[in-house]
Amino acid sequence: MTTLFISDLHLEESRPDITRALLTFLKERATGVDALYILGDFFEAWIGDDERTPLQEDVASALKALSDSGTAVYLMHGNRDFLIGEDFCSRAGATLLDDPTVVDLYGTPTLLMHGDSLCTADVEYQKFRANMRNPQWQQMILQRSLADRQQMARQLREISMAKNQGKAESIMDVTPEEVVKALEAHGVQRLIHGHTHRPAIHELEANGEPARRIVLGDWDTHVWWLEVAPGKTPDLSKLALD
């Protein structure tokens, strides 16, 4: 009995090494486990389920094969791929999760998030996030042509990179008080999230009791995953990306 968590792969055509690592991971580590949770930024960009690039189709097929083998696959939006919809999830055999979501992991209620909503010190980004997650805004974007959406995605990425270069590291990390607030709002003692690319296990206090925040790693230079099993301490692991 094992459940795996990954996030922040940022899959894109210019990084075939990450795609290869994912396909290997699905076959060699995820096959046979109870569930695989993908907590956002699975893709570097997502402009709609109607794009259907070879990369997207290969990944969907691999996830579907994993799902068909008996491993439940769950997918959560990130700040890069928040337009992933039910059509892609159907092709991938995956269940789309709300952010946040509480799940029962072998008897331990656990809060799952992508993590960007916890970075409240970045006020400018939080305003942008509110727009991105607005269903009316999303519908307006999806009505545009693929070419228009592709151009928009490139522009947003360039703007994001330029703005992030000038931001302090502390602003781009989670706000500690926001973490405690999230744990207490959901009445749980464990949080798993990605987004910050700062893999670690943090001990803290919430609800007047010891709590734990587990941060998943990105796949830029290493394959990162979290393994949760009954009766064992959650294990955050990595392998060098070939």
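Along the chain as shown, the residues are counted starting at 1.
The backbone N, Cα and C atoms fix where each Cβ goes, and this holds for glycine too.
For the Mn(2+) 1 site, TrEMBL lists D8, H10, D41; matching the candidates H197, H202, H222 against that entry yields H197. For the binding-site residues H114, S160, H195, a Cα to Cα distance of within 10 angstroms from D41 (Mn(2+) 1 binding site) holds for H114, H195. Listed in chain order, the residues near the Mn(2+) 2 site other than D41, N79, H114, H195 are S7, D8, L39, G40, H77, G78, R80, G115, D116, G194, each with its Cβ within 8 Å of the site Cβ centroid. Mean model confidence of the domain 'Calcineurin-like phosphoesterase' (1-199) amounts to 94 (pLDDT, 0 to 100 scale).
Spatially, by CA atoms, the binding-site residues D8, H10, R80, S160 include one closest to H195 (Mn(2+) 2 binding site), and that is D8. Ranked by CA distance from H10 (Mn(2+) 1 binding site), the binding-site residues N79, R80, H114, D122 have R80 at the top as the closest.
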